[in-house]
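As structure tokens, the structure follows; a few thoughts come after it.
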């Protein structure tokens, strides 16, 4: 039963692959043609969005609406480029995939520990991607409510587009409107990919957490004896810890730029989206209100994902340090004690999920991010009033 669950653990990587391969970004199967097609399309879309920002500059309401889109889309295009040209991501994925092999688990309990973290990653992937997909669809259908209300009231039906974009021509006929609307439809996938990329990082981090928890259990079960087996077990634990540290550093090298821009941009987007929720709460435009509610919830879910994954990483790496500390020191040979002292020193500093090499994602940090986002909301409300 547990072996079957261990095989199912690999499904999580299959889910990530399914999303990434469409855009040509799966590290084990890179597709240059797909990636550059998407990159050109998205770069052009983003350029037209910035052109619209220049034109509406001076109107706070219009600027807020534009930045809510272009800030997030800028974050996505940077993420695409960084993931594509990362020199360490492929190695990290290979290490994570190989870590699910049967020979890496010595007993059923270790498999259960790993499956606990795998189950968390699976649940987060399901919920986050589902909410992102629904939010993207609602955002894409946002103009339809306005058009429907205008049609029922026998008013002039406006030709509104889902995303803000500067057109070099006047949109007057239905055929052109449908074509432009269809042209913006791939943005549904692009926004879903953004969330899937966050889930991918969380998958890798929780994979490291699972192996750290297993290592802590093994260290606690080391029994001092005169046969030298305890020293062998200690040596194996050190080698395994160094492998996990290397895996953690690969994640850090692959994602530190992404995490830094996520920290800054997501906080801004969260504040802008929360402001839009407050603005639209008293309006009759239900679709717009619900769209921004879903948008806010998705942003909260993503930033929470970074923080709880970072918290787990800190906790499990500290558990490894404590496991060394609680070994039976009095019954150990002097040479073994020296080795154990070095292990304590080496594991004293916990592993962290960091943005830009200086900001640590944790549950305490989540509170700070929320306070910053709400400060943006208060500032916008003050400017409007």
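Cβ coordinates are placed from backbone N, Cα and C, and glycine is handled just like the others.
Remember, TrEMBL labels are computer predictions, not curated facts.
Under the heading transmembrane segment, TrEMBL lists 12-28 (among others).
TrEMBL lists 34-57 (among others) with the feature transmembrane segment.
Listed by sequence, the residues of this chain that lie at least six past the ends of the transmembrane segment (124-141) yet keep a Cβ under 8 A from its Cβ atoms are 12, 15-16, 19, 162, 184-185, 187-189, 191-192, 194-196, 198-199, 202-203, 287, 290-291, 294-295, 297-298, 301-302, 305. Among the features that TrEMBL reports, transmembrane segment is placed at 124-141 (among others).
The list of residues near the transmembrane segment (193-216) in space but at least 6 beyond its ends in sequence, with Cβ under 8 angstroms from a Cβ of it, reads 12-13, 16, 19-20, 22-23, 72, 75-76, 79, 83, 92-93, 96, 99, 104-105, 110, 113-114, 116-118, 120-121, 124-125, 128-129, 131-132, 237, 240-241, 244, 247-248, 251, 255, 258-259, 262, 298, 302, 305-306, 309-310, 312-313, 315-317, 319-320, 322-323, 351, 353. Taken from TrEMBL, the feature transmembrane segment covers 193-216 (among others).
Per TrEMBL, transmembrane segment is recorded for 255-277 (among others). Residues 64-65, 67-68, 71-72, 74-75, 78-79, 82-83, 197-198, 201, 289, 292-293, 295-296, 299-300, 302-303, 306, 353-357, 359, 361, 369, 372-377, 380-381 of the same chain sit 6 or more residues outside the transmembrane segment (255-277) yet have a Cβ under 8 Å from a Cβ within it.
Sequence-distant neighbours of the transmembrane segment (289-309) (same chain, 6+ residues past either end, Cβ-Cβ under 8 Å): 68, 124, 127-128, 131-132, 134-135, 138-139, 142, 195, 198-199, 201-202, 205-206, 209, 259, 262, 266-267, 269-270, 273-274, 276-277, 280-281, 283, 353, 361-363, 365-366, 369. Annotated transmembrane segment per TrEMBL: 289-309 (among others), in sequence order.
Tertiary proximity for the transmembrane segment (358-379) is limited to same-chain residues at least six positions away from its ends with a CB under 8 Å from its CB atoms, namely 259-260, 263, 266-268, 270-272, 274-275, 278, 303-304, 306-311, 314, 352. The transmembrane segment annotation in TrEMBL covers 358-379 (among others).
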